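*Asks:* For reference, TrEMBL lists these features for the protein:
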- 47-138: domain 'Glycosyl hydrolases family 2 sugar binding' (DOMAIN)
- 164-237: domain 'Glycoside hydrolase family 2 immunoglobulin-like beta-sandwich' (DOMAIN)
- 244-398: domain 'Glycoside hydrolase family 2 catalytic' (DOMAIN)
- 612-669: domain 'DUF4982' (DOMAIN)
- 682-781: domain 'Glycoside hydrolase family 2' (DOMAIN)
Amino acid sequence: MDFNDNWIFYREGDDPLEVTLPHDAMISEKRDAGCPNGVNSGYFPGGKYCYEKEFVLSEEEASKSVVLHFEGVYQNCVVELNGAKVGQHRYGYTPFDVDLTEKARPGKNKISVSVDNSLEPNCRWYSGSGIYRPVTLWIREKVHIERVKVETKSICPPEIFMEVEIAGKDAAGGTDMEERPLPVTVEIYDGGQRLYVGAPGKIVLEGAKLWSAEEPNLYTCLVRIPGDEQRISFGIRSLEWSAKKGMSVNGQRVLLRGGCIHHDHGVLGACEFYDAQERRIRILKESGFNAIRMAHNPASEMTLELCDRLGMYVMNEAFDGWYVPKTYHDYSRMFDSQWRRDLTSMVDTSRNHPSVIFYSIGNEVSETATEKGVKACREMTEFVHGLDRSRPVTAGINVLLNVYTNMGLGVYRDRGDYRPEPLPRERGYKEKKTGSAFFNAMAQKLGPLMFFMSAGKKGDRACRGAAEALDIIGLNYASSRYEADAKQYPDRIMVGSETMAADLPYNWERVKRLPQVIGDFVWSAWDYIGEACMGDWTYHSYRGLPLLAGQGMIDITGKPLASMYFMQVVWGLRKEPFIGVRPLNHDGESPSTGAWQFTNAIDSWSWQGYEGTKATVEVYADADAVRLTLNGKEIGTGKVKKYKALFRTAYAPGTLTAEALDKEGRVVASHCLVSGGRETVLTLKPEKTVLRANNQDLCYLIIEFTDKDGCLKPYVEQPVELSVEGPVSLAGFGSALCKTDEVFGSARHHAYRGRTLAVLRAGKETGKAKITVTSAGMEPSILEVEMR
């Protein structure tokens with residue numbers, strides 16, 4: 001039963017507000033330069049909140065098993081039913097159940113969920129606050145299906161083993177299901193075609209199609225017992241890993257074209273909507289990724305379902321850290337008492353999802369440089385093996401941080417006795433950086449030097465213990481170790497668990513050549529809130545508090561950036577050259593640059609008003625050389641180095657063409673950019689125009705300044721305003737600008753690079769909604785969205 005509507009939300013000191021889940025309380029907080037979260041959260045503070053909801057049960061329903069299932073609440077929540085405490089959960093990223101059986105009464109009941117995210121800082125990125133993932137109410141017979149487990153045993157022939165767990169007391173009060181076994185019936189379907197009917201256990205499905213990221217074939221399983229049934233989807237696939245053959249899916253070696261993503265959804269904050277996550281996974285796959293790393297917390301159930309359906313491999317990660325704090329109030333304060341429970345939750349959630357191909361037990365856990373940390377690493381690895389041996393265990397090891405830890409210079413250190421109270425306000429965002437912020441700042445300064453500093457004997461000693469404890473060692477910014485470790489440790493399997501796009505030519509050549517290196521996960525695949533302006537090329541003419549990281553290969557509006565196209569060229573997925581132009585509307589300004597983005601070039605040759613301005617043109621190609629022409633006149637021919645050639649030329653409107661040349665000077669591929677016309681209009685690009693009236697469907701609306709033919713004008717960055725009429729609401733509105741004081745809940749935003757994104761949320765009423773978009777000097781543009 002959907003349990004997301006008609007909640008009453010209370011923020012300390014504010015009037016109550018009716019909300020529909022998912023709901024992120026943090027995104028509506030006022031950003032504050034003195035907030036203890038600082039750059040980590042994009043200067044959004046936390047707080048204390050309460051959610052209440054009344055619901056009615058019939059006599060029959062109240063006599064059954066009644067369970068509330070929360071997919072994610074951030075964080076430290078306590079659940080009460082009719083004023084009595086019935087559950088609590090600390091970790092903000094794992095799902096949990098609250099059993100209301102024999103506590104919920106016939107008639108009216110009241111659920112209260114209090115959330116405490118006031119101890120800050122507690123996260124290195126934007127966490128969100130509150131009930132930010134969906135909630136479900138399960139009403140079942142006392143004896144019901146608790147869990148269905150599906151494991152592939154063979155792919156030739158396709159064979160699975162299905163285990164059905166039954167829970168609860170029967171009508172006579174008995175509990176021994178072996179003495180009074182229930183009949184269990186299993187039906188397996190391929191679409192509408194039934195393939196199997198019978199008992200659980202060993203099941204051979206002759207002719208079944210296998211699951212992989214390239215061919216994500218899924219089957220539906222319907223399990224029945226008297227009075228209850230459960231439906232799940234599953235895929236049949238084998239998974240093998242070895243130093244000799246790398247990682248194989250269904251017997252075929254797989255090279256992981258990976259990207260790290262955080263859980264937030266940009267203008268929506270942390271709210272987890274099906275449409276939002278489906279869009280993100282789809283765009284990631286269309287952009288060339290075949291794997292994601294959930295950084296640095298377990299993926300939601302919804303995310304894994306979508307990765308199964310769309311075809312995306314997943315590294316599911318449990319923790320950002322262990323027992324040494326990275327921020328003062330983080331998971332380290334509950335690690336000792338919670339890690340077993342939360343690892344179990346992650347594995348249980350992942351078990352039936354073929355998309356999950358390995359587990360990560362931590363990120364940049366510099367504890368692994370110490371004997372105690374290696375012992376903890378081994379204990380957690382063995383614990384996960386005890387739950388699921390079908391997938392390998394990894395962790396992201398930052399070798400440089402481990403080296404510093406061995407030298408007594410650990411970036412993350414626990415100083416003094418812990419006090420569970422908020423830290424004092426900062427003096428502002430220019431405050432001295434420590435911990436995570438210090439490392440990010442250091443990475444910006446060191447840049448490529450991190451790559452070299454991770455090599456050598458000190459780096460070897462710093463990560464050896466972790467490598468021996470894990471099935472696969474994840475290396476963060478340490479691909480310089482690949483060659484030496486492949487020779488010195490022939491049985492070691494490695495993955496680039498966090499890398500920079502600029503290093504991909506070096507990394508990918510080794511992924512292809514060395515079976516011990518199974519893939520590369522760039523930081524980051526999709527931009528996110530928090531760790532603000534750590535990767536962006538920031539121009540000082542942009543005013544406001546840092547908000548977004550600026551580290552994504554795809555920005556928060558879903559637009560692939562130049563670095564994404566560069567990666568496509570290196571992966572061999574893009575045959576034609578890519579042309580990028582550094583912004584001419586900032587000519588004369590020197591941006592501050594970040595280590596994670598090697599360029600801020602834009603795929604546009606439309607710069608009206610900047611005629612004669614010198615343009616830096618970047619061309620990415622898998623070729624020997626590139627010839628660049630403007631309106632048929634040759635600008636020059638440049639040698640391609642590490643898939644890149646650079647040119648300088650004065651801007652003039654027309655057609656800019658790049659031709660990729662082989663060693664004999666023959667054209668093997670070409671691409672061009674064409675300038676737009678002089679007229680500027682507001683162009684609306686809705687990704688849906690029909691929504692279900694369910695409070696959950698979303699319409700993503702891209703708003704761009706273009707010419708009349710739709711050619712983007714990236715230099716137009718004036719304000720855009722929305723008005724919304726009818727049965728939809730504005731769920732979020734903004735741009736990919738990393739530094740701004742504008743808020744995502746506002747109906748007015750400046751465009752960035754000629755573009756903004758609005759997200760409309762369906763209501764419960766049917767009918768038509770009207771969205772009017774205006775900007776100074778432009779004719780209004782109108783969109784109609786139908787609710788059904």
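Placed from the backbone N, Cα and C atoms, the Cβ positions cover glycine too.
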*Asks:* Across the domain 'Glycoside hydrolase family 2 immunoglobulin-like beta-sandwich' (164-237), what is the average pLDDT of the model, as a whole number?
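*Replies:* Here the predicted model's pLDDT, averaged over the domain 'Glycoside hydrolase family 2 immunoglobulin-like beta-sandwich' (164-237), is 88.
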*Asks:* In the domain 'DUF4982' (612-669), how many residues does DSSP assign to helix, to strand and to coil?
*Replies:* 0 helix, 38 strand, 20 coil
*Asks:* So, by DSSP, how many helix, strand and coil residues make up the domain 'Glycoside hydrolase family 2 immunoglobulin-like beta-sandwich' (164-237)?
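*Replies:* Residue counts for the domain 'Glycoside hydrolase family 2 immunoglobulin-like beta-sandwich' (164-237) by secondary structure: 0 helix, 36 strand, 38 coil.
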